Amino acid sequence: MTDPSATFLLFGATGDLAHRMIFPSLYNLLSDGLLPDDFMIVASGRTEMDDEAFRADIDKALQKFVGADRYDAEVAARLKAMIGYQPVEAGKPEQFRKLAERLDGRAERGLSVYLSTPPSLFAPTAQGLAEAGLITPTTRIAMEKPIGKDLASSKEVNDGIGALFDESQIFRVDHYLGKETVQNLLALRFGNVMFEPLWNATAIDHVQITVGETVGLEGRVSYYDGVGALRDMVQNHVLQILSIIAMEPPARMDPTAVRDEKVKVLRSLRPMTAETVKTNSVRGQYSPGAVGGEIVTGYSDELGQPSDTETFVALKAHIDNWRWQGVPFYLRTGKRMPARQSEIQIQFKPVRHSIFGRAGGLEPNTLIIRLQPEEYIRLLIMSKRPGLEREVHLEEVTLDVSLTAAFAGQRRRIAYERLILDLLAGDQTLFVRRDEVEAQWTWIDSIIDGWKEAGVKPSPYASGNWGPSSAIALIERDGASWHD
Ligand code: BG6
């Protein structure tokens with residue numbers, strides 16, 4: 001790692017992500033004294049605007065998204081003083097020249113570029129930077145998803161950026177990796193002695209990963225339709241969680257060791273076929289219903305036309321390696337679910353032999369790791385029900401660790417705070433390497449191709465449900481059930 005970048009250059013600075021996440025994160029970092037001295041933020045977008053107009057706009061966003069309890073006009077003023085706005089449009093070399101003038105030799109002291117634009121602009125933007133002399137060995141570039149819509153297009157994006165930057169300078173963002181609870185999976189698995197010996201096919205029956213959202217399309221028609229839940233959520237966030245749950249222990253917490261182990265898992269995912277998608281996948285699309293007591297419309301009504309895009313997907317995945325042979329990973333994610341709820345369930349196998357005979361309510365152990373909105377770890381274990389009966393009666397009790405309570409004094413960070421800080425410092429551990437993205441797409445493509453070949457269309461589910469009933473059948477066929 002080198003000195004932190006002295007300049008942060010944001011493309012797509014007038015967009016939603018910049019307002020909701022990136023500037024509030026920079027505000028929090030500044031407020032905690034975590035930004036380098038003499039730091040400069042150059043915001044850029046296509047809109048013509050001067051510094052003052054942009055700063056005023058950001059101030060409004062900070063008041064809205066930082067939270068009333070944290071917003072402090074003095075910190076906001078310091079942040080605004082660091083921000084300059086420069087209109088730049090990809091393909092206009094003159095504007096990139098002006099941008100370079102504005103940076104006035106600062107790129108030499110480390111420049112972190114953040115692309116929060118549509119992916120079609122990634123390569124042209126990088127090209128503009130190169131022509132303006134803004135790419136040096138200390139320039140880093142961060143990219144938001146989606147990186148392509150399949151393996152072929154992701155390779156194009158990666159080639160476009162890779163022609164101008166070394167992989168060690170490229171930071172692919174998956175904001176789930178910035179979440180404290182996702183990083184905590186590493187601490188849970190590798191910072192405790194009791195889980196690792198059991199973390200394999202000998203002791204684990206199956207794993208469930210659920211990422212449920214209550215929101216619908218949210219005015220993201222142009223992006224979401226034609227993309228769908230598989231590409232929007234499984235290709236990145238869900239597979240990143242899966243890779244951390246399933247990976248071998250890395251030798252140390254460094255970018256190469258961690259990502260080497262993750263990519264091995266991703267490459268071990270068994271590809272689906274037109275035959276297996278029929279039993280191992282479910283596509284759904286929300287229809288009218290009620291979420292949290294509110295009546296909501298269906299996807300096609302929001303869209304204004306019928307569509308074949310899935311807003312829900314459930315999958316039964318297999319990881320073909322030694323550790324996970326015969327252990328299914330059930331994955332599901334969807335919009336307009338009954339609750340915003342992301343969690344992992346590790347379902348252990350029954351004890352080998354019950355000394356309690358047929359009596360007694362013996363159940364296999366379950367570990368539940370809730371990622372959001374609450375943060376907790378629950379282990380369901382067997383305990384003797386108190387009483388003088390001659391036959392032992394067992395009952396499930398919960399070992400319950402609330403991380404929210406255990407760390408009550410600590411502010412929960414926006415995922416982007418961690419990621420921006422790591423980008424500035426040049427630490428790639430929590431960013432996705434090219435081979436990971438490509439392994440993710442390889443598996444996702446096998447499902448999409450399978451769906452096409454087998455003609456699998458989304459089945460409707462009433463908003464406020466955990467997907468179509470076939471999603472329940474997907475797991476119950478194997479004698480298990482979703483943890484709702
Ligand atoms: C984004 C998806 O990557 O993640 C959105 O594009 C989704 O569709 C969002 O709503 C979920 O993120 P979080 O942090 O709210 O769970």
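Glycine too: its Cβ is placed from the backbone N, Cα and C atoms.
For the recorded site, HIS237 (active site, proton acceptor), the DSSP three-state label reads helix. Annotation comment: TrEMBL describes HIS237 as active site, proton acceptor.
Annotation comment: TrEMBL describes ARG46, LYS145 as NADP(+) binding site. Listed in sequence order, THR14, PRO87, VAL88, GLU89 are the same-chain residues at least 6 apart in sequence whose CB falls under 8 Å from the CB of ARG46 (NADP(+) binding site).
Every protein chain shown contributes to the tally, and the Cβ of LYS335 (substrate binding site) ends up with 24 other Cβ atoms within 10 Å. Annotation note: LYS335 (substrate binding site) sits in a coil segment as assigned by DSSP. Per TrEMBL, substrate binding site is recorded for HIS175, LYS179, GLU213, ASP232, LYS335.
The domain 'Glucose-6-phosphate dehydrogenase NAD-binding' feature in TrEMBL is assigned to 10-184.
Summed and averaged per residue, pLDDT over the domain 'Glucose-6-phosphate dehydrogenase C-terminal' (186-483) gives 96. Look at TrEMBL and you will find 186-483 tagged as domain 'Glucose-6-phosphate dehydrogenase C-terminal'.
Around the Cβ of GLU213 (substrate binding site), a 10 Å sphere holds 20 further Cβ atoms from the protein chains shown. Residues HIS175, LYS179, GLU213, ASP232, LYS335, recorded as contacting substrate, have a largest CA-CA distance of 20 Å. Among the binding-site residues ARG46, LYS179, LYS335, no residue has its Cβ under 6 Å from any atom of ligand 1. Taken residue by residue with DSSP, ASP232 (substrate binding site) is part of a helix. When the Cα atoms are compared, LYS179 (substrate binding site) and LYS145 (NADP(+) binding site) turn out to be 16 Å apart.
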